[in-house]
Structure formats: C-alpha cells, structure tokens
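Peer 1: Let me begin by handing over the structure; questions about it come next.
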Amino acid sequence: MSLISAVPLASSCVSKSLISSVREHTALRRAIATLQMSRRGKSVAASIRMSSATAGSDDGVKRRIGDYHSNLWDDNFIQSLSSPYGASSYGEHADRLIGEVKEIFNSFSIADGELISPVNDLLQQLWMVDNVERLGIDRHFQTEIKVALDYVYRYWSEEGIGCGRDSAFTDLNTTALAFRIFRLHGYTVSSDVFEHFKDQKGQFAASANDTELQTRSVFNLFRASLIAFPEEKVLEEAEKFAAAYLKAALQTLPVSGLSREIQYVFDYRWHSNLPRLEARSYIDILADNTISGTPDANTKKLLELAKLEFNIFHSVQQKELQCLWRWWKEWGCPELTFIRHRYVEFYTLVSGIDMVPEHATFRLSCVKTCHLITILDDMYDTFGTIDELRLFTAAVKRWDPSATECLPEYMKGVYMVLYETVNEMAKEAQKSQRRDTLGYVRQALEDYIGSYLKEAEWIATGYVPTFQEYFENGKLSSGHRIATLQPILTLSIPFPHHILQEIDFPSKFNDYAASILRLRGDTRCYKADSARGEEASCISCYMRDNPGSTQEDALNLINGMIEDMIKKLNWEFLRPDNNAPISSKKHAFNISRGLHHFYNYRDGYSVASKETKDLVIKTVLEPVLM
C-alpha cells in the first residue's frame with residue numbers, strides 16, 4: 001500500500017462548488033457551524049475509551065487515561081469538500097496576473113540612467129516586497145525581489161535610509177521596514193542603525209502629534225524588533241517602546257486596516273506566525289480598504305492575484321486532506337481510541353507554513369509524521385504499561401515486522417503503521433536526495449522513543465528528575481527533530497551531509513527549536529499533565545530544585561528562557577556566515593513556527609479551542625470571496 005499517494009494538484013475541474021457565490025459561501029459556513037454543534041456533544045465524554053480490538057479493554061490491566069475530546073471533523077463532511085479553483089482556467093488567469101505584477105516591479109527600474117519612479121522609490125520597492133510576502137505570493141517574484149532589494153541596499157547606511165534615493169534625511173518607517181526585509185533575506189545590517197532614532201536622552205520617543213505615518217513607523221519598528229539576535233539591546237528597547245506605544249494607540253485608533261495589522265502582529269508574533277493565516281488576514285484587510293477607499297491600481301492587482309492564489313491552493317488543500325483521511329482510515333487509526341485524532345488540525349498547520357502546490361509530498365509526510373508522534377506520545381504517556389513500552393522500544397530497534405510477535409494486540413497495529421509509513425517516506429526521500437536516508441530517520445526515531453521510555457519509567461517509579469535532567473531529555477521527547485527531519489528530506493532541495501549537520505541534531509539550530517517547543521509546551525500543558533499523573537515538567541522540576549519558589553517564579557524563568565532561545569534560533573536561521581543557506585533551513589524553521597503556533601496561548605494541540613477551529617475554517621475549509 002502506498003502511504004504517500006500522488007495527490008492530484010490544481011489541474012482537475014470539480015463539477016460543483018461550495019464557493020462559487022456568496023450564497024454558497026454562506027451555506028458552507030452554516031454547514032461548518034452545524035457540524036461543530038453536532039460534534040460538540042460527542043466530544044464531551046473526554047476520557048479515553050478502549051475497544052477490545054485495539055486497546056485490550058478486557059485484559060484486566062489497569063491503565064491511565066487521557067482527557068482528550070474526539071475528532072471534531074465528520075468523515076462525510078471532509079469527503080464532500082470540493083472547489084472549482086483546480087480548473088486550468090484559473091491557473092491561466094493567475095499566470096496573466098503574475099506577469100502584470102512583474103511589470104509593476106519592473107516599472108521601478110532604471111532606463112538610460114534615469115529612474116522611472118517617484119521620489120519615494122526606495123519605500124515603493126520595499127512596499128512591493130513586503131506586500132507580496134504578506135499576501136503569500138512572493139514565490140512567483142524571487143528574481144524581482146532580489147533586483148529590488150539589491151537596488152535599495154545600495155543606499156543603506158549606518159544611519160538608515162530615506163524613502164527615496166535622493167532623500168536628504170533618513171526616516172524611521174523606511175529604515176525599520178528595510179532592516180526587517182534585509183535581515184530576513186540574508187543581507188548584512190546592524191541593529192545599531194536604530195540608535196540614530198533615539199532622543200537626546202538615549203531613548204525612543206514619539207512626537208506629541210500622533211499621525212498615521214508615525215504609528216506606521218512604530219509598527220514597522222516593532223516588526224523589526226521581533227527578529228532580534230542575542231545581545232541586541234537596542235532592539236529589546238525598541239520592542240518595549242513600540243509595544244507600549246501601539247497598545248496605547250489601539251485604544252484610540254478607529255477600526256481600520258492599520259489597527260487590524262497591529263492587532264494581528266500582537267496576536268501572532270513572527271516566531272509563531274503561519275504565512276497562510278497572515279495572507280488570509282492581510283487579504284481581508286486590503287479588501288476592506290478597497291471597499292472603503294480608493295486603492296491604487298497596484299494594490300488592486302496584488303489583491304486580485306492574492307485572492308486567486310489563495311483559492312487555487314484551497315482546491316489543493318481539499319484533495320490532500322481527503323488523501324490523508326483515506327490513509328488515516330485505511331490504517332485503522334480511528335479505532336485507536338486512546339489517541340488524539342488531530343489529522344485535520346495537523347494538516348492545517350502544515351499547509352499554513354508551505355503553500356507551494358508542488359510540495360504535496362512534504363505536507364503529507366509532515367502530517368503523517370506528526371500523527372505518528374501523537375500515537376506514540378499517547379501510548380507512552382498514558383496507555384501503555386511500562387513492560388509493554390519496553391517491548392515496543394526493543395521492537396523499534398529491531399525494525400522488522402516479525403518484532404510484532406511479542407507485542408500486545410493493540411501495539412501490533414501501532415508498530416505496523418509506524419514501520420510502513422516511515423519506510424514509505426524514506427523511499428520518497430531517496431528520490432529527492434539521491435541516497436538512502438532511512439538510517440538518519442531510524443536513529444532519530446530510536447532517540448525519540450528512548451526519551452519517551454525514560455519519561456514513562458519516571459512515571460512508573462514516581463521519580464522526579466532535576467530541572468536540567470528533565471530539560472535535556474525533554475528536548476528529545478518534544479518531537480521537534482522527528483517532526484522535521486523526514487519531511488524536509490522529501491523536498492527537492494538537496495540536503496548533503498554538511499548542510500543536514502547545520503539543521504539536524506546535535507546542531508544549535510535543532511537544540512534551540514526543540515528547547516522552545518519543550519518549554520512552551522510545558523507552560524501550556526503542565527496542569528493537564530499533572531492531572532494525568534505526570535509529575536515531571538519544567539515547572540515542577542524547577543520548583544523541586546528551588547524550595548520555596550512558586551509556579552509564577554518558574555513560569556517567569558521559563559518565559560525568559562524562551563525569549564532568549566527565540567533570539568538564538570533567529571541567529572542560527574538568519575546568520576549570514578552559516579554553511580547552510582537560509583533556503584535550506586526555511587522549512588525546518590517554519591515547522592518550529594507552526595508547532596509554536598499551536599501553543600501560542602494554550603494547548604491548541606490537545607484541545608481544539610475556538611482559535612484552532614477558526615484557523616481550520618479560515619485557512620483550509622473556507623475560500624476568500626473574489
């Protein structure tokens with residue numbers, strides 16, 4: 001059985017659409033609402049139920065249970081999803097619009113030594129780059145973006161940059177926007193440039209007259225501060241100043257595009273932002289501005305292309321989600337009643353960080369890997385006995401179907417879906433990498449399961465480790481490495497050994513990403529984990545190491561560690577002197593952002609909160625109105 005199916009992309013026309021008009025669009029939202037109401041009653045019984053076929057409920061073994069709700073998404077509803085945007089005519093229309101947007105980029109070029117653009121040419125080009133990136137359509141304009149940034153960078157100085165090449169003064173808005181874009185694209189820029197925008201007291205300050213330009217300038221300063229590297233004190237100061245200023249501004253600003261942009265960045269900072277969610281949000285903002293004002297032709301063209309691209313990928317998402325549903329059903333995953341069934345939520349996350357239609361194999365591999373991680377997590381954390389888990393761990397090291405002979409019945413199915421899926425993904429990776437990568441993945445899997453077994457033994461014996469002991473093991477059990485390694489190997493991007501060393505364990509990149517996931521996950525889950533009998537967490541271990549400390553003390557320390565790790569991860573991702581180019585690290589970094597997104601405010605992974613359900617609806621189930 002092929003576990004990574006060849007998914008039809010945006011090429012086949014679907015005969016009937018749920019989205020071809022406002023009426024049908026409204027009907028889809030009502031169907032989703034009705035579905036959620038009907039499923040809500042089923043998810044109230046949160047404790048895990050065991051079936052004799054899968055969980056040995058009649059074996060007389062006392063087992064711990066989880067407190068997870070059931071799958072929220074009805075099978076028939078998933079299978080009924082359809083979209084007309086896979087038709088070739090939409091792709092042809094998108095190609096024409098792409099050509100027209102390229103002409104906009106080219107209109108800023110120089111002919112016969114004369115600039116064909118207004119006096120604010122630098123800001124205009126930065127605006128174009130920023131907008132195509134926020135709208136999720138930048139992959140079509142990589143050459144144009146490079147030309148634009150190379151041109152603007154020629155005018156960059158230690159004191160910043162003005163809105164035009166002939167500007168007599170630098171300004172904060174253009175400088176902050178340029179700094180952020182340059183850093184994200186690997187250009188060398190120093191944060192010391194912002195020292196020139198402080199007052200005589202050495203502090204950031206705003207004028208008494210609040211204007212939209214001033215608010216926009218501080219907004220771009222705040223965005224720039226979020227990609228700080230370690231020891232950049234000026235960006236720490238900029239973040240504090242900008243955050244306070246913008247929070248106050250939100251109290252007085254009318255509801256507008258700018259206020260919604262500010263709120264979005266507060267809600268989803270760069271390290272937990274999903275590009276597709278940002279695209280959806282920014283499309284809505286620009287669309288509202290178009291209705292309420294008189295947009296220029298460039299904005300209208302960008303918006304038209306962004307909407308069309310969003311909906312074309314929407315048709316891809318539906319096919320891939322249905323493919324995952326078949327895989328999930330064929331392997332009998334719904335019958336494993338002790339696990340969290342979150343394939344829809346996982347797919348939403350993964351398609352939120354990669355919107356390239358041709359990357360179907362990456363997305364499917366990533367979702368399947370995350371679902372396998374969930375099965376193992378729930379089996380080791382709650383359901384399996386310590387003796388069963390030792391048998392399973394030994395079987396994984398053997399890596400042979402015959403190893404199932406000594407396993408309990410429910411574990412045999414778990415072992416085989418793990419074995420077959422990992423092997424099938426390794427075959428896909430071999431096509432991309434031109435070498436066998438199964439050895440890499442098996443070692444990562446053994447390390448991962450070994451860390452789970454250690455935690456299971458702690459639970460079984462009542463042992464509470466030191467903070468450092470728990471943290472080091474927790475970086476492995478976070479699952480970041482296994483969630484990242486095999487999926488990125490299926491990409492067409494080459495990952496020779498020297499580049500893989502910069503991303504995979506024991507690289508600093510992997511260490512910081514795994515640390516963030518472990519620490520943030522614990523701050524969101526420690527109360528629920530403790531209720532299930534899992535005494536060890538970053539919070540409890542810190543308090544045990546430091547008698548007299550409180551939960552608040554532990555959380556303050558851990559939140560500080562997370563902020564520090566985010567800056568270190570930024571550096572490992574964007575450092576210009578790294579052996580691995582940014583393009584090679586981008587997917588691994590975005591997986592880290594996606595996983596962090598699940599824990600943005602709460603455990604959106606175990607409990608599909610309103611925010612999680614809204615995310616599924618806005619980025620997967622619901623198209624944008626053209």
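Placement of Cβ uses the backbone N, Cα and C atoms for every residue, glycine included.
Under the heading transit peptide, Swiss-Prot lists 1-45, citing sequence analysis as support. According to Swiss-Prot, the motif 'DDXXD motif' annotation covers 377-381. Marked as Mg(2+) 1 binding site by Swiss-Prot: Asp377, Asp381. Taken from Swiss-Prot, the feature Mg(2+) 2 binding site applies to Asp377, Asp381. The Mg(2+) 3 binding site annotation in Swiss-Prot covers Asp529 and is backed by similarity to another entry.
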Peer 1: Please state whether DSSP places Asp377 (Mg(2+) 1 binding site) in a helix, a strand or coil.
Peer 2: helix
Peer 1: Over the span of the motif 'DDXXD motif' (377-381), how high is the average pLDDT in this prediction?
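Peer 2: For the motif 'DDXXD motif' (377-381), the model's average pLDDT rounds to 92.
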Peer 1: Note down the number of other Cβ atoms within 10 Å of the Cβ of Asp377 (Mg(2+) 1 binding site), including every protein chain shown.
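Peer 2: A 10 Å sphere around the Cβ of Asp377 (Mg(2+) 1 binding site) contains 19 other Cβ atoms.
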Peer 1: For Asp381 (Mg(2+) 1 binding site), what is the tally of other C-beta atoms lying within 10 angstroms of its C-beta?
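Peer 2: The Cβ of Asp381 (Mg(2+) 1 binding site) has 19 Cβ neighbours within 10 Å.
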